[in-house]
Each structure stands twice: as C-alpha cells, then as structure tokens.
C-alpha cells in the first residue's frame, strides 16, 4: 500500500465531529473532482470516480449519514500493465442530486434567482475551524496524493479548475502552509515540496499518524545527513593530511638526494627522519614521536622549514640548468 493510500484509509476511518463537518468534507470532495451533468429539463446527475476503495466507501457513508441516500457504486477493472480497479459512485435522481448540491453549497442562486455552480470555497464552511479542516480533508481524499517521505517531500492536489485551487491556496495560507500553483496537462496542480508545509497540511486534515511517521523520517534523515557531513569532513581532512604528508616526504627525499639529511640541523634532521618513518601520522602524532615531544606549532614550523629548503634546492637546480 502506498503512503497516499495509507493516509486516505486512515482519514476515511475518522468519525466526523458533526454533521456540519461531514457536510464540509463532502463539499470539498464534490468541488474538487465530482462530475455534475445537466441534461434535459435541467435534470442533474452527480458522480465520483476514484481508484481508492476507502475513499469510495467514505463518499457512500457521508451521503448515507447526511441524506439517507445510497448512491450506486460501480467497479471497473482494467489490465494495463497490472490490474486496476476504478470505483464510480453515482447519483442519478435529480431531486436527490439537487438536495446534495444545495446543502453542500455547490449549487447556488444569484440575485436574479438563477442557478450557478460555485468555484470557490463556500462561505458557510469558513465559519468554523473544524469546518475548514474537514473541507480541506475532503479535497485531499478526492484529488490529493503524497510521495513516500523517505524519498522526497511532495504533496499535491490536482483539479480541473485552477481558479478553485487558487482560492484553496489562500485558505491554506491561514495555517502558514506554502503551496505553489501550476498547470499540468490542462489541470491545475497545487503542490507543496517543503517538509514544514507538508507536515502542516497533514496536521490540518487530521492525518496525525502520517505526521508522526514523517517526523520520525525527518529526524532519521537529519541524523544521516549529520553523519554524512561528518564523514565527508573527516574524509576531506584525511585527504588534505595525506596530500600534505606526500609533499613533505617528497621534499625530504629531495633534500636527502641533493645534500644529505646528515647536514641538516639536529631538530630538522630528527623531524625529517620521523616524517619518513611515519608517513601516515598526523602533525600532532608526529610531535609525540619526537624526543622530547614537540607541539603542533613546532612540528609545523620544522616541516615548513624543510619545504622551504627543498624549494630552494629546486630553484638552484633549475638555475644551473638554465
């Protein structure tokens, strides 16, 4: 089961706090994805299509609870690559359809008494916080999806009406949820890619189990990233140390070849011998091998002096060749 399916299953099992919350949730479902057809003599039909059985069951139960209506449910199987099931929830009786649409504030009357379908979030469901949250939950159940947070943070709502999604985006801003709106294949897409916005959205719609899982994943990711940064830093330091050691040894060997180490002052001779004998040691560890032990600054100074001597020998050799 995908992460999206798991969330929708959990949300579909929630008991609405009140009939008002149930009505708000159903309104969000209808507004975002339902197909409303108007036939002869203005007779209307209402249908939903979903791949998620939990969502199909949720729509059926909400209509049963609010209006004592039992819509028809059709199941269609397809076999493209693998078997898919599509659930269609249909309501054909004009009187019942109009009752549902009016009650959920999808079907409205203007000042002249003419019927129209709203493409904004109905004001009734903005009157209480629990209505707003239920409404947004309905939208997610109907047209939302979320990626596996172990891979990436991405939550989106896909709807035919981009203007409707824009009003939804403004509504979500009340909860500090940042979302972007684009068009994809003729449909509007409202999406969130920041972990804070995804978590905030899940909190609003009541997906607390998923929110806890995302928080656990986020903590694990941060720990992994912290370990990776530390390893990368240590690796970089090791590479830097190895490169410096290689240069120091190369310079000491040049001095040995051209003048001999025995001509060096005692402190530099000892430093050169220790560096050659322990190529893998750090500056601090080299100092501990000296007799008596020498601090890091002392080791740096002596190695720097050896490097300078080697550079002078190279330059003198180049001048002689010239």
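These residue numbers are counts, starting from 1, taken along the chain as shown.
Cβ coordinates are placed from backbone N, Cα and C, and glycine is handled just like the others.
The following features are taken from TrEMBL:
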- 21-107: domain 'Sporulation transcription regulator WhiA N-terminal' (DOMAIN)
- 133-224: domain 'WhiA LAGLIDADG-like' (DOMAIN)
- 227-310: domain 'Sporulation regulator WhiA C-terminal' (DOMAIN)
Number of helical, extended and coil residues in the domain 'Sporulation regulator WhiA C-terminal' (227-310), per DSSP:
69 helix, 0 strand, 15 coil
Mind tallying the domain 'WhiA LAGLIDADG-like' (133-224) by DSSP state, helix then strand then coil?
53 helix, 19 strand, 20 coil
What mean pLDDT does the predicted model reach across the domain 'Sporulation regulator WhiA C-terminal' (227-310)?
88
